[in-house]
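The annotation domain 'Major facilitator superfamily (MFS) profile' is assigned in TrEMBL to 54-435. Taken from TrEMBL, the feature transmembrane segment covers 54-77, 89-108, 120-138, 144-166, 178-200, 206-224, 256-283, 289-311, 323-346, 352-370, 382-403, 409-431.
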Amino acid sequence: MKTANKSSLPNWKAAFIGKNLDPNIGVRVYSEGSIGFNFLEVESMSTNRPSKTILSILAFCSFLVGFDSMVTVPLLPEISRNTDMPLKLGGLLYASYAIAYAVSAPIMGAVSDRWDRKKMLCLGLLVFSIATALVGFSKTFVTLILFRVLSGIGAGMIEPSVYSIVGDSYSYEQRGKAMGIVTAALISSAVIGVPLAGYIAELGSWSWSFWVIAILSFITFFLAKKILPSYSAKTESKETFQSLSKQFHFVLSNSAVFLSLLASLLYFGGLQGMFVLIGVYYYTFFDLTAGQTGMILMIAGIGSVVGSILGGEASDRWSKKTVFVLASLLVSVSVLSLSLFTQILWLAITIHILWATFFGVGQSAFTALISELNPDARGTVVSLNSSAMYIGSSLLSTIAAILLTQNGFFEIGMMCAAATISVIFITIVGVREVQAKSSQT
């Protein structure tokens, strides 16, 4: 920053000293200090939205993370036949990825608040692409787990950076739509990625599914490196363990942030509690095959994508908190209804699609809402939120599995509905939405 004496400044500059300017003009003016007039720091403060190309790159990064997390679902039998992995332990390929993500994301998010987010994203893409390619070359269960852990760490660097860049780039009033597109890309990975992985494996081998993801990630790395601008950290501090610990303490001591993480844990846990057993649900009550259930899941997934986009647009038009609360109410009613109406197939499918759509609406609104709770530590907040999602999903899906062995789907529906209702009360009472701003600062 340059210093200047007021008398030496042109008249038009001196006239603005000490005044609050509209950030839209891109000039920040500093008031009089002990060494004269601290005047000029011209920054790229434009509130114009980033290009569609930038948003497309960010959305595709989110798609790749989701694709890689779900890619093992149709491949487990083939992987088991071609490696020494026991089929019954195949679920650990997802668990190892998820746990690595949940642990690494908060750390990487905190670092990104003190480092250029573009560099963090590109480094994550590089780690992610190499580790995913190595999964495809693995022949033993140990190496499969090892490289899945590394893939999860790469994903933990990518996804918080994506959400943080969106938060940094879009004003709060415009952020919902952008978040909706990114979350829709993440959701669409289940709709497109799972059947695509199976199709690729049929054409070649299970390894090719991982190699395709790796190649796409490597291409995205070069595109991001060339096209994305730098996103300098707002928080200036040395990246030591002590400073990162202070960052976490600072964020978690914010009651709104802490309660939003609890809400995220319950919201996503309430989804997974029923979702992980939906195949059992359709087989038990309607005797559907895996292919028939897969078709229903694809349609419901499309509903989630549409809901995510519509939810983002609605949250920009109205209050993000209001949209999330209303969506959560509809989600709770839908999941409870799904556990009750187990005699009529078309009704169960309709409720399932509505449940998925309402969840997508709430997801994009909620992600936009939490991105502004602590702008100076946005990377830390969104990464902790991602971890809360995975923890909630693991916790409530485990409880649901236990409930199913002892009771039935009604009890699971009650649990998931109760979790989502709790989210409503937590959000209304504990999460205060920021006042709308006229620009992105």
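Cβ atoms here come from the backbone N, Cα and C positions, even for glycine.
Using the rule of three or more Cβ pairs under 8 Å, pairs at least 6 apart in sequence, the transmembrane segment (144-166) is not in contact with the transmembrane segment (289-311).
Counting Cβ pairs closer than 8 Å to the transmembrane segment (256-283), the top stretch among 89-108, 120-138, 206-224, 382-403 is 382-403. The stretches the transmembrane segment (352-370) and the transmembrane segment (178-200) are in mutual contact, each linked to the other by at least three Cβ pairs under 8 Å (pairs 6 or more apart in sequence). Confidence in the domain 'Major facilitator superfamily (MFS) profile' (54-435), given as mean pLDDT, stands at 84.
Within its own chain, the transmembrane segment (178-200) is flanked in space by residues 49, 55, 58-60, 62-67, 69-71, 73-75, 159, 162-163, 166, 169-170, 208-209, 212, 294, 297-298, 301-302, 304-306, 308-313, 315, 360, 363-364, 367-368, 371, which lie at least six positions past its ends and keep a Cβ under 8 Å from the stretch. Between the transmembrane segment (206-224) and the stretches 54-77, 89-108, 120-138, 289-311, 323-346, Cβ pairs under 8 Å are most numerous for 120-138.
Panel annotation: around the transmembrane segment (89-108), residues 68-70, 72-73, 76, 79-80, 120, 124, 141, 144-145, 148-153, 155-157, 159-161, 244, 248, 379-380, 383-384, 386-387, 390-391, 393-394 of the same chain, lying at least six beyond its termini, place a Cβ under 8 Å from a Cβ of the stretch.
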